[in-house]
Amino acid sequence: MRLQPSLLLLALLLLKVTTIQATLGNNSWEEQTWPEGLKNFPFPCRPEEIPFSPPSESVHSLRISDIRVVGAIGNLETTPDAKMVLKRQKWIERNQMQTCMQVMTVLSDFIKKFSPSVLPLLCPSREKVLPRMRNEDLGPQARELVQHMKKNQKLNFRNDWKLINVFFNAQSQCHPCSSSQKEGNMTSSMQELIRLLDYLQKEVPKAFVNLVDISELGNSIQSNNQENGPRDINEVCECPQEPSRLTTAVQRWYYQNSWEKLLTSGRYDTKDTFTVIYQSFLHEMEPSVFPIKQTSGSSLKKLSTALAVSLWNGMIDPTGKKEEFFTTGQRIPVKCPTQKHPYLFTYRNNNKLSSTPEIKRISETREGTEIRCPDMDPSNAVPTSVHHLRPADIKVIGALGDSLTAGNGAGSTPGNILDVLTQYRGLSWSIGGNENISTVTTLANILREFNPSLIGFSTGTGNQNSAAAFLNQAVAGATSETLPSQARRLVDLMKENKRINFQDDWKIVTLFIGGNDLCDSCSDPPRYSSQNFTAHIGKALDILHAEVPRVFVNLVTVLSIVSLRELYQEESINCPRVILRSLCPCVLKFKDNSTELTTLIELNKQYQEETHRLVDSGRYDTRDDFTVVLQPFLEQVPMPKTPEGLPDSSFFAPDCFHFHSKAHARVARSLWNNMLEPVGEKKKEENLENIVDLICPSESQPYLRTYKNSNYTYPTATPTSSPKPDYGSQLWCEDRAPSASFPTSVHALKPADIQVVAAVGDSLTAGNGIGSKPDDLPDVITQYRGLSYSAGGDASLESVTTLPNILREFNMNLTGFAVGVGSADDANAFLNQAVPGAKAEGLKKQVQTLVQKMKSDPRINFQRDWKVITLLIGTTDLCDYCTDSNLYSATNFSAYLRDALDFLHREVPRALVNLVDFMNPIIFRQVFLGNQDKCPMTQACSLCNCLLTVREDSPELARMKEVVKVYQTKIRELVESGRYDTREDFTIVLQPFLEEVKLAFQDGIPDVSFFAPDCIHPNQKFHSQLSRALWNNMLQPLGKKMDFLDLTADTTLSCPSLEEPFLRTYRNSNYTYPANPAIENWGSDFLCPEQGSSNSAPSSVHQLRPADIKVVAALGDSLTTAVGAGAKNNSNWSTAWRGLSWSIGGDGTLETHTTLPNILKKFNPHLHGFSTGTQEEAAGLNVAVEGAIAQDMPSQARILVDRMKNSSEINLDQDWKLITIFVGSNDLCQYCENPEAHSVKNYVQSLQQALDIFYKELPRAFINVVEIMELVGLRQIQGEKCAVTTQSICPCFGRSLDNSPELQEMKNINRHFQSGSSLITYHHQYMEREDFAVVVQPFFQSTVVPLDDKGKPDLSFFSVDCFHFSERGHAEMAIALWNNMLEPVGQKQTYNNFTHSRTKVKCPTSENPYFFTMRNSGLLRKEASHKTPSVPFWAVLVAAAASFIVGVVLVMLWRTKKCSRREERPISLVATVF
């Protein structure tokens, strides 16, 4: 027997705990012997080198050898973190006690080297450790520890030296939540600790107390389990301000600094026999730094050892000079006492405590300036080109970025570290507007000298949401990932502000980001790659470029951040290094000249180079009123120095990280000067030590410099490069005004009334490959959402033709469109929620997400705004149709589409939905196969297997063409049903322009210039035509809409007419939906590929294909004899129309009559046994009898066996037989009149007896047992035309009152009948033979009465007696039974779906060509046959129930495993069609 690893680990853990645990005294405290794994710890100290001396009388000359006992108070819990792996968090909580023991064991073992007689360590017992221990909980532990030491006979309490460690977690304490708190303030939690220390000082003589802050222990444990570092203190303490790394670092520093100040004050040094030392766990640590041989030991043990080593070193090192930081890969050295310093360091005996006097900070007076230029006037006329923009033309200023733009600490007084949390936005270099230029130098104040009416600048203090921040939307602690959302908010603020003329005012926006990305880059290199960095910037710029007219964007490149190390490493400067390390670990934690530092420096350069490349691409110079100019003055900025050559901290806030107002002023000067320097000649190195003069625009060049007015050519451009194609359009409409009064009807909706645009669908709508270069196949995965025909909003209509850009010509305040590139989750995707590779099945999720976004977005008035939503789906379903014709059937496609549209209809007010007919995949088959030298032929299978890999003129291709037509028909039927025209403010309009696509040809070959490199996705050239066709379709009346798209046509954009100014709907088109065509018959279309029988007749029922069935038969009552199935009036309603019977009828063909035999005849035309007509002589093997009950089943079974044996057409031994049993309705209907005769027990026993006969007499048999339906629904069926009433034909259900106990009892009995028939099929006896199977088919388990359009029972499914089924009902039962047979046991549909469709018949698949049984469904293992004695029926039920439960569990496991396999598959959008 093999022991599972998890069980082995548990066993060893229990063994270890049992072995090491012992007790002292009253079991309140626990000791631990030395763990085996730590005995080989490389301890370097040599006690014999320290001269012997008698025990010390003073704690300030205490040696290690003097310590007699080691104890601990508190626990080593970690602060829970929402992102921490839950299992690991729980494991840590369970092992807090063990951690304390391990830490104290290591420490005790160190001490034993010097003091062999030291007593066993003391830790609180498990019972005393609370799961969330706070400082106030430590008091009882302290008192118990003192009592234990007093009672311990091995310890001289008055004279022996004691080492007591008080563990607490500063991170779990509530620090001040605002910078208004003074540093000296103590929280109540700190006061609790002080009371504890006061108690120890009073009660415990001769004690050295370590106050151990283990905050970073939790962070070290969590560092391997989360991305964003330690849990923020604001979250723990519920502080109102937003959590940030800066807040966490500053507040933790505040707490630790407060303790240091208190302890160095001498409060606990009033006696020579007692002292308290503050010890902080090492800031960052990995297992690799532990001086332990790397074995399979737990990381928790390693962390415990690290904490012990940290404590040891803290006692040996001079206080205030402790080693605070170890880098990745650096091992922690174990410090040793020396002859010169053999004692434990205290605050009193530390002659190094008084640090080197701080270098005096240079004056921090704010720097004003002045600017006197000869020409400070605006242009004579408001310029239309950004390349002719004077400073005085700027009317609006904005900024994006991080805390350097937010102004954190810019106005803080020296030493006030808490105040660094304050965001002095009014002093910010790029947008601050405090006072004026004479006292505060900022870009905004400089521009105000040219235009005093400038708006947008920030003043005072506050975060980005404060009113004073205005258009300074920088977020403290931000990385480049947040830029798109910042840009989005900035645009919205500019649009909403009434003081800003959004269309006409010239705006300047400064963007500066990257420091925090670099500071975190080593923790997640892929996340902070240069590619991602510039991609995030690109997305933000895309938003500005797409939406904001008249903008000059300053893109300031990231500074060279490595110079920060100079400030950190200079010991003479009093910087809070704990804060610096927390804020920027990747810059500070590595050694000089290390590989890691070199990597950081290289990444810094890549950030700068990639930013240059982004701007040099010219992608933001496609309009005359927009440009992005790179301002590189910070790229090589050196650390400013004092006259003594030391880093000048006066340029920095008290945290030595953020800029002080002095630096802000110098940087503002440099930015201004950079803006007036020609592109290509801008300064990249600015020495902040020097106060530079502000330059003026020259007479010859009075403009802010751009690439064009600098006569600059981007390096990436080549003289021979062809000009970028123009895909814009002209709109010549005169009337672009909205309705005179806000419309309330969707049928009176003008284009200018549309305020919101949205889209859902697949990769065509997501924009895959639209902007890809012809030879760049991998780029097809890029989602160019801003160029998408129905939802893109890049640039304007002049250069990019999309539906939103057309609508923006009518309403410039349109919202919802996407810009740039990215996934549906990106902010710039907005309401383009299309997902690449999406199928109809996932459409409802898309519309749910869309609606949620519309409801929650402040830019959208969900109830009032008019919306246009465009939906296109279906191509991907068709491309996968041949892989599973059941899953991708037209019926399922229609159902999924209906669910999504129903949701929109139900949830969204004021909406016009464009339902665009999908693009026929036959089109790109032509393109793909016609350009085999240009298209990726090797990817044909993954791109669209069902169409690209089949032969021309093959049956498979013909079948696919038919399926395409059925899909299109389903879409049209759905819209024309009128179900979405029940409200005045909602409609769905079918836009059919893609029904037929005329390709462009070159030399007789389809022109690939309209397609992306995969020859599948349309490129921008194609999308432009799609946009024009969609728009024109929207203006064409129903019944006259263009149903084709000519890619070669020079399509112009239509305009609403004066007579018809509205977007066209069925009503304003005076259109009447065509009446549904009369249904000629209830037949079905057979769309399954040709599938023959097995190569040889199978010997196993678990490998039985439909074509293997030679004989069909049935048992049952009047529902199987088909009483009334073909009746047209009361005169013949009692006739048995056996030829139409769902399970055994064989009249006509499948195309005219849907029955199980007619389906089977498509696989085997030589099928025997089915019944025809109405005469009993033609009943075949239909032995059902009208009025039969379960007790009749054994006799029917006997009759059937005899008929088979006597038939000359049947080879009893060799022919495979399919028998369907359906009985029980009469038993239920008569149950209340004779419960004993019609009991569940009798019902099940009768079924078992019939099955036993078949099992004994019939070889090669597959038995369908159909669960009885829920008869309570029959009560709904009533009408004047009904020949009989439910009361008379089924009294037990018809006579009971609604909600009566009698009716409820009958419902229960009904369920028991279902359960009984289901469980009996699990009898082990029926699983013993390889050629016999009984399978329950549960499609009636939850019976749904079909309803008509008015919500009443649809009597077309019932015969004239309103009880038996009509031919339509029999057809639906046949389809449900057949489909059940092709569904795995445990996954069968358990309800009837009686909706008409000729394509609902499922097909066997190549993966699953057999009828499903228990075994081939994966629920049973193949076992050797063996005989078992007969058992009582109720024992069978118990066994069957157990088997059923096991089966359900197995199914769940199988499905989970299957789903997990699906999830593990890599996603390749290149290999995903639409």
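Glycine too: its Cβ is placed from the backbone N, Cα and C atoms.
According to Swiss-Prot, the listed position annotated as N-linked glycosylation site out of Asn26, Asn532 is Asn532.
The N-linked glycosylation site entry in Swiss-Prot, when matched to the candidates Asn1132, Asn1393, corresponds to Asn1393.
The secondary structure of Asn1070 (N-linked glycosylation site), as reduced to three states from DSSP, is coil rather than helix or strand. Closest to His658 (active site) by Cα-Cα distance, out of the glycosylation sites Asn436, Asn711, Asn1129, Asn1393, is Asn436. Put simply, Asp517 (active site) is 13 Å from Ser403 (active site) when counted between their Cα atoms.
Every protein chain shown contributes to the tally, and the Cβ of Asn1129 (N-linked glycosylation site) ends up with 9 other Cβ atoms within 10 Å. The separation of Asp517 (active site) from Asn593 (N-linked glycosylation site), Cα to Cα, is 21 Å.
A gap of 35 Å separates the Cα atoms of Asn892 (N-linked glycosylation site) and Asn1129 (N-linked glycosylation site). Rounded to the nearest whole angstrom, the C-alpha distance between Asn532 (N-linked glycosylation site) and Asp517 (active site) is 10. When other Cβ atoms within 10 Å of the Cβ of Asn593 (N-linked glycosylation site) are tallied across all protein chains shown, the result is 7.
Taken as a whole, the repeat '2' (365-710) shows an average pLDDT of 94 in this prediction. Taking Cβ-Cβ distances under 8 Å and a sequence gap of 6 or more within the same chain, the neighbours of Asp517 (active site) are Thr479, Ser480, Tyr528, Phe533, Val558, Tyr607. There are 9 other Cβ atoms within 10 Å of the Cβ belonging to Asn711 (N-linked glycosylation site).
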